[in-house]
Amino acid sequence: MRPHLLEICILVLVGALTYLCATQAGFLAIDDVGMVQNITSNSYTLGGLFFSGASEYYRPLAVISYYANASFAGTDPFYFHLVNVVIHIANALLVYWLALVLFARRDDVNLVAFLAALFFLVSPLNSEAASWVSARPDLLCTFFFLLAVVLLVKVREQATVRSMFLVGVAYLASLCAKEASISMAAIAPLYLVLQAKRERLKDAVLLAVPVIATTGIYLFLRFGRTLSVDKGVKSVVTGAVANGSATTPPLLDGVGAFGFYLQKLVFPFPLNFTILRYDRPVAYMALVAGCLAAAYLLYRHRRDTLLPLLIVFIGIVPAVLAYLGRIPWTPFGERYLYLPMVGFSLLVALALSRLKRLPRIVPVACVMLLAIPTMARVALWCDPDAFWKDALKKGPGLAKSHSALGAYAYEQQRYDDAERYMKKSLSLSEEPLVWQNLARVYLAKKDMKKYEEAMLRAASLSPHPTGIYQDLILNLMSNPGQEGVAGMYRKAVRYHLLAFSKDPGYVDAYYYAGKLCLANKEAGTARKYFGIYLEKAPSGYYRPFAQKMFDRLSAGAT
């Protein structure tokens, strides 16, 4: 069955109208700002992105997309959000295409395909992935996952070298966007083998080969040439064994998390950016109900429901592993259901298509009603103050929500509010970045004593404190205070040397210390520091000047 141009145009229009407001949102204080700073301050090579392995996340394709965004349109958040919305609409069109291929034998295939794509497009549960710039890996991962699945379904009974190659390329691209699509390694073989006719079983097995092989290639790329397991995988393995609550073993905790995600698929409300916990009894009941429903569907409608159910149930597994490994900053995330939503959308469309006695406009209208809460949620993303207050209301124990509200209050020059929110964040979890932000508040309030204390605390917590000390010195030099210029010079020297004690690679500290002592008319001390710099930095950038000053001071010049 061929796609209808009118249905495609309607989907594009509905998607554009539903997410029109998303392009007006700025960068979120969590992850977005840091992502932009990394993209604009670092240089990347394709070899470095794809072949250097992973420290915690391996998502080279996502990095490339962000870098392309910044290269072509700068750091205007409008264009970052626009790309997200375009990818989300494209994913809805791929769901439409997948349904056309998967349900090609049905008389109502066009209705089912349109309903599935429309539900995926306007579902409130997908609003987080589509509205948050930092959730683009989920969008890209699902885009290429859908391409791979469509190709698999189209050629499932006739494997060719070309089709196997294309499936492998699409699947690898999906994995290089985000690891969540590794579920394909189980989905594809199970679907191909279980749905294949006996005489076509060989073709089904052949089509599963590129998926398994691609998974191996991805793992090799992720672990690097040394084949060392990265931090992300270690966290998952450790968490799966050791985590859980004081009263719940890890296995039961993971089962409960699985049930929670099933429950969230069926009933996503209340929408929440900071989900910290779940109701275990309800989650267990949701899991039992979901398993019973899946068993019934497989028994009665296996041909149509096998693939959607595999996408839902296996697609949730990576999200549960991330929860057990405590990898993300929030235990649960609505964005983690973006890929499983593909399967759930197909199931919803099949269910609605059974309302044959009703005019076709009725199920379409029912799905369209979901656009109302989705648009409301997208609008909330455009108001940082309202967004973070909503997050705090639903998850008051998350430190990052308080710090984000503090950052927004700082931007609005509401310094007292900013100080209050950041102190609350620090009472929940001490983070060096939050101490730095609190220091900026004190700097804006001209309270140099508290500014200095906050920066020193940030430096003591940071694994890379040199930049913090440098900022501290720069701002203290600009605001000498009661100590006077001479006292400030001595303090600056002390902080440079303190930075070197924590970062032995920062040998320039001795050069700067020498210059400060020279400016403070402490010739003997200046000569000592220039001498140490010359000894420790045989090829240092400042060596010519340091040598010149050392020679002059040694000759008795001041």
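Glycine residues also receive a Cβ, built from the backbone N, Cα and C atoms like all the rest.
For the repeat 'TPR' (399-432), the number of residues in each DSSP class (helix H, G, I; strand E, B; coil) is 28 helix, 0 strand, 6 coil. Positions annotated as repeat 'TPR' by TrEMBL: 399-432.
Here TrEMBL flags 78-102 (among others) as transmembrane segment. Sequence-distant neighbours of the transmembrane segment (78-102) (same chain, 6+ residues past either end, Cβ-Cβ under 8 Å): 1-3, 7-8, 11-12, 15-16, 19, 22-25, 27, 65-66, 69, 72, 109-110, 112-114, 116-118, 120-121, 126, 129-133, 135-136, 139-140, 142-143, 146-147, 149-150, 153-154, 304, 307, 342, 345-346, 349.
Annotated transmembrane segment per TrEMBL: 109-127 (among others), in sequence order.
The transmembrane segment annotation in TrEMBL covers 133-153 (among others).
Tertiary proximity for the transmembrane segment (165-192) is limited to same-chain residues at least six positions away from its ends with a CB under 8 Å from its CB atoms, namely 50, 57-62, 137-138, 140-145, 147-149, 151-152, 156, 204-205, 207-208, 210-215, 217-218, 221-222, 232, 306-307, 310-311, 314-315, 317-319, 336, 339. Residues or ranges marked as transmembrane segment by TrEMBL: 165-192 (among others).
Marked as transmembrane segment by TrEMBL: 204-221 (among others). Non-local neighbours of the transmembrane segment (204-221) in the same chain are 50-51, 53, 58, 148, 152, 155-157, 159, 163-165, 167-168, 171-172, 175-176, 182, 184-185, 188-189, 192-193, 195-196, 227; each lies 6+ residues outside the stretch with a CB under 8 Å from one of its CB atoms.
Annotation comment: TrEMBL describes 282-299 (among others) as transmembrane segment. Residues 255-260, 262-263, 266, 305-306, 309, 313, 347 of the same chain lie 6+ residues outside the transmembrane segment (282-299) yet bring a C-beta within less than 8 angstroms of a C-beta in it.
Summarising the annotation, TrEMBL assigns transmembrane segment to 305-324 (among others).
Marked as transmembrane segment by TrEMBL: 336-355 (among others). Beyond its flanks by at least six residues, the transmembrane segment (336-355) meets 95, 98-99, 102-103, 106, 108, 111-113, 115-117, 119-120, 123, 125-126, 129, 135, 138-139, 141-142, 145-146, 149, 180-181, 183, 261, 264-266, 297, 301, 304-305, 307-312, 315-316, 318-319, 322, 362-363, 366-367 of its own chain at Cβ-Cβ distances under 8 Å.
Residues 14, 17-19, 21-22, 25, 111, 114-115, 118-119, 122-124, 126-127, 130-131, 269, 271, 348, 352-353, 355, 386-387, 390 of the same chain lie 6 or more positions beyond the ends of the transmembrane segment (361-380) yet place their CB under 8 Å from a CB of it. The transmembrane segment feature in TrEMBL is assigned to 361-380 (among others).
Residues of the same chain lying 6 or more positions beyond the ends of the repeat 'TPR' (399-432) and with a Cβ under 8 Å from any Cβ of it are 28-30, 274, 329-330, 384-385, 388-389, 391-392, 438, 440-442, 444-445, 457-459, 461-462, 465, 468. Panel annotation: around the transmembrane segment (109-127), residues 1, 3-4, 7, 10-11, 14-15, 18, 88-89, 91-93, 95-100, 103, 264-265, 268-269, 271, 334, 337-338, 341-342, 345-346, 348-350, 352-353, 360, 363-364, 367-368, 370-371, 373-374, 377-378, 381 of the same chain, lying at least six beyond its termini, place a Cβ under 8 Å from a Cβ of the stretch.
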